[in-house]
Amino acid sequence: MMRRPWLLSALVAWVKLPSVQGEDLFSLGEIDGSLLNGASDACVAAINTKVSCPSTLGLLHFDSDMELDTAEIKELCQGSCLTSLADLRDSVKRTCGSEVTFEDPVSGALWKASYLMEEAIYYAERACLRKGNGQYCNTWFQSAPADASLCDECYKLILWHNAQSPLSEDTSEQKEIYTSASSSCGYKKQPTQTYPPLLVSSPMATPSCSSEYTIKTGDTFLSVSESQRVSTHDLATANRLDSLVSDFPSSGKLCIRNQCDVYVVKSGDTCESIQSENGLSKARLRSWNPFINGYCDNISSYVNQTICISNPLGDYKVPENQDAAGFDTPAAVPDNIAPNTTTNCGLFHNVTAGDDCGTIGLKYSISLDDFIFLNSMIWPNCTNLWLRASYCVAPVGDIADYPGYGPEEDEWTIEPQESTEIAEIPHIGWLNDSRPYVPLANSTREDCWEYLWWNETYAGSPISCREAALGYELDLEQFFLWNPSLDQNEPDAVSPTYDFPCTISPFVSYCMQLASPTPVPKTPRVPPSPRAAGEIANCTRWFMGYFDCASQLSLSRMTMEKMYRYNPSLKEDCSGYTLGTFYCHETLDDLYHYDDALYGDDETSPITSSAPTSTTASSKTSSSAAQPTNVSTDGTCGGAKGKTCLNSAFGDCCSSSGYCGDSLPYCGGGCQSKFGKCDAGSEKISPDGTCGGDKEYTCEGSQFGDCCSQYGYCGRATDNCGKGCQKQYGVCT
């Protein structure tokens with residue numbers, strides 16, 4: 001479910017929730033007076049009063065539609081929680097009055113003082129909605145058939161609840177949706193109450209214009225963008241025009257700001273082609289055009305629009321000292337200096353949201369190599385900047401005078417003689433782990449795509465296991481299966497439960513996501529409703545239409561073409577968009593056939609083989625020893641227990657690291673045929689990233705890349721697929 005921006009910004013105000021069971025005193029947020037305008041000490045104390053609610057209430061803040069078990073529903077809905085929340089809300093209204101406002105620290109929006117209480121009441125009431133027969137809708141949704149009627153009473157109750165929420169800036173649209181559904185389904189429309197909105201004001205930035213342009217006959221978004229040297233997106237944003245740039249005004253004046261050299265995006269352009277044509281790095285292209293998303297897969301949305309190919313904010317130079325370039329004396333060392341950053345530094349930069357090494361280098365005119373030299377904790381790919389930490393961005397004096405800078409110089413000379421050229425040591429990309437070395441928890445899976453390490457320095461006290469699993473959309477059974485050191489059930493328990501207190505450790509990391517699809521849960525998740533008619537098949541994730549079409553496109557990081565393809569009822573111009581309807585934005589193809597270029601080296605593109613490897617059942621072979629006995633029940637295989645994956649719930653193939661699955665990492669190179677099926681020819685597919693040599697491993701079809709470099713390593717980068725690539729052991733370009 002798509003979350004509203006006010007939900008995301010409100011996270012700052014909520015404290016981390018203790019992992020407790022049952023109803024207890026629960027804090028909605030440790031709010032100090034700095035976030036409350038005009039509040040007395042008594043008002044601050046009232047707002048920070050704890051309520052008698054279970055910790056489930058805090059989890060609903062992250063996912064208002066999370067599935068609750070019977071005990072959780074009973075604690076939340078049949079105890080004193082709702083009464084306690086209502087009492088606190090009324091107490092805050094009496095104590096604080098109508099003039100006190102709560103300021104959202106992220107968006108700057110002002111809310112009435114009772115905002116946190118109303119927000120919590122909304123979540124609790126939504127989770128406690130019940131049919132006329134007494135069944136809770138939360139329980140009904142968990143078991144409802146996929147073809148359940150959209151006119152079921154629970155759908156009606158959800159729409160009714162949304163239509164009278166005081167959290168909305170304007171409930172009129174939700175009321176229209178509820179009225180329409182009541183009419184089409186033929187059920188009696190319950191009256192909805194109208195509450196005064198909680199939102200007092202939302203800040204509206206006033207653009208700072210460097211000049212104004214008077215609109216002429218025949219002007220278009222593109223013509224004005226080109227003549228005034230601004231990006232089309234910024235022209236629309238500065239003047240609050242249609243973000244789809246489909247309706248240009250016929251008269252008036254336009255604010256012109258952030259001028260730059262512009263490039264008109266053509267059909268077929270990619271970020272890589274634009275960078276190559278204009279001599280730009282990806283960091284510069286992205287920082288000068290922040291509306292291009294991190295994957296650069298929405299560039300086609302800006303065809304026939306201008307983008308910036310020079311800095312729209314102007315070039316920044318490090319201030320020069322009158323006596324010498326740079327800084328003569330070290331700057332004061334900040335309290336939040338990053339680990340392993342030199343203190344002999346002329347200037348520090350405090351990292352804020354949106355910073356990356358590209359923008360920092362651009363701002364302070366420092367090369368990436370020099371930045372890494374002064375801040376040795378930074379990885380070569382510079383993806384581990386810490387938020388709110390200070391890094392050195394300028395040396396004291398000449399950086400070449402720093403010990404260890406540059407190559408060592410011999411103090412003697414030798415006469416040049418003929419010598420044999422030594423081959424360059426290969427860059428083995430797959431061995432260079434891009435994460436900090438934090439040991440895995442005991443028995444945690446070692447073949448995961450993503451691990452979680454809780455950094456106490458900036459994140460505070462560790463969270464509960466349930467919150468960690470919820471943050472990655474994992475059910476608890478799956479989370480504990482991958483991280484068994486946290487599981488408190490007896491080994492081989494017949495009916496394990498997961499309601500025990502559990503907190504993750506800040507000293508180890510945990511598996512949160514596999515590199516390939518995980519087994520389908522026993523109980524399929526029921527699609528949301530109402531959904532758009534005629535949506536694409538195999539949809540796995542939806543968003544609800546809360547905002548206008550253009551805003552929804554931006555939030556979901558989809559192009560209009562893709563959104564229309566997934567949801568034909570929208571029509572090509574999005575004129576069929578309906579608020580309150582769920583639209584598809586992710587399918588099985590998105591999950592199973594992701595583009596390696598999105599996750600790999602920024603400077604590489606995916607290499608496809610002319611003979612794709614099939615992973616269907618017909619292309620797999622199994623050893624005679626791999627019989628459906630001693631079948632794995634926990635997803636592990638081989639080893640001392642000798643468990644087989646054949647006919648298991650996790651997949652028929654046993655990977656080299658001893659886990660069951662059905663995709664390439666399990667059935668390809670290194671697959672253990674003694675404990676399940678393997679792809680035909682998998683014994684020749686590289687299990688460890690090496691190729692050729694005595695073993696004559698091939699890279700094609702391996703998880704490391706299809707190209708075999710001249711040095712005998714698999715990969716997909718230019719070093720592997722270009723000069724010296726060994727065609728007999730893989731694909732070459």
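The backbone N, Cα and C atoms fix where each Cβ goes, and this holds for glycine too.
The annotation signal peptide is assigned in Swiss-Prot to 1-22.
Per Swiss-Prot, the feature domain 'LysM 1' maps to 211-256; the stated evidence is sequence analysis.
Mean pLDDT, taken over the domain 'LysM 2' (261-309), works out to 85 on the 0 to 100 scale. Among the features that Swiss-Prot reports, domain 'LysM 2' is placed at 261-309.
Positions annotated as N-linked glycosylation site by Swiss-Prot: Asn298 (among others). Asn298 (N-linked glycosylation site) falls within neither a helix nor a strand when secondary structure is assigned with DSSP, and so counts as coil.
Around Asn304 (N-linked glycosylation site), a 10 Å sphere centred on its CB holds 14 further CB atoms from the protein chains shown. In three-state terms derived from DSSP, Asn304 (N-linked glycosylation site) belongs to neither a helical nor a strand segment and is classed as coil. The feature N-linked glycosylation site is assigned by Swiss-Prot to Asn304 (among others).
The Cβ of Asn340 (N-linked glycosylation site) lies under 8 Å from the Cβ of Asn375, Ser376, Met377, each on the same chain and at least six residues away in sequence. Here Swiss-Prot flags Asn340 (among others) as N-linked glycosylation site.
Asn350 (N-linked glycosylation site): 14 other CB atoms within 10 A of its CB, across all protein chains. Under the heading N-linked glycosylation site, Swiss-Prot lists Asn350 (among others).
Feature annotation from Swiss-Prot assigns N-linked glycosylation site to Asn381 (among others); the stated evidence is sequence analysis.
Sequence annotations record features per position, and here Swiss-Prot assigns N-linked glycosylation site to Asn432 (among others) based on sequence analysis.
A C-beta separation below 8 Å, combined with a sequence spacing of at least six in one chain, links Asn442 (N-linked glycosylation site) to Pro484, Ser485, Val508. Under the heading N-linked glycosylation site, Swiss-Prot lists Asn442 (among others), citing sequence analysis as support.
Per Swiss-Prot, the feature N-linked glycosylation site maps to Asn455 (among others).
Counting every protein chain shown, the Cβ of Asn538 (N-linked glycosylation site) has 13 other Cβ atoms within 10 Å. Residues annotated as N-linked glycosylation site in Swiss-Prot: Asn538 (among others).
Taken from Swiss-Prot, the feature region 'Disordered' covers 605-637.
According to Swiss-Prot, the feature compositional bias 'Low complexity' maps to 605-629.
Neighbours of Asn630 (N-linked glycosylation site), defined as other CB atoms within 10 A of its CB across all chains, total 13. Taken from Swiss-Prot, the feature N-linked glycosylation site covers Asn630 (among others), and the record attributes it to sequence analysis.
Per Swiss-Prot, domain 'Chitin-binding type-1 1' is recorded for 634-680.
Its own atom aside, the Cβ of Cys667 (disulfide bond) has 30 Cβ atoms within 10 angstroms in the protein chains shown. Recorded residues Cys671 (disulfide bond) and Cys637 (disulfide bond) have their alpha carbons 11 Å apart, per Cα-Cα distance. Using a 10 angstroms CA-CA radius around Cys645 (disulfide bond), the recorded positions that qualify from Asn630, Cys637, Cys653, Cys654, Cys667, Cys699 are Asn630, Cys637, Cys653, Cys654. Residue counts for the domain 'Chitin-binding type-1 1' (634-680) under DSSP, helix first, then strand, then coil, are 7 helix, 12 strand, 28 coil. Cys721 (disulfide bond) has Asn298 as its nearest neighbour among the recorded positions Asn298, Asn350, Cys660, going by CA to CA distance. Less than 8 angstroms from the CB of Cys691 (disulfide bond) sit Tyr697, Thr698, Cys699, Cys708, Ser709, Gly712, Tyr713, Cys714, Gln726, Tyr729, Gly730, each of them six or more residues away in the same chain. Applying DSSP to the domain 'LysM 1' (211-256) sorts its residues as follows: 15 helix, 8 strand, 23 coil. Under DSSP, the residues of the domain 'LysM 2' (261-309) split into helix, strand and coil as follows: 19 helix, 6 strand, 24 coil. Taking the Cβ of Cys732 (disulfide bond) as reference, residues of its chain lying under 8 Å away and at least six apart in sequence are, in sequence order, Cys707, Cys721, Gly722, Cys725, Gln726.
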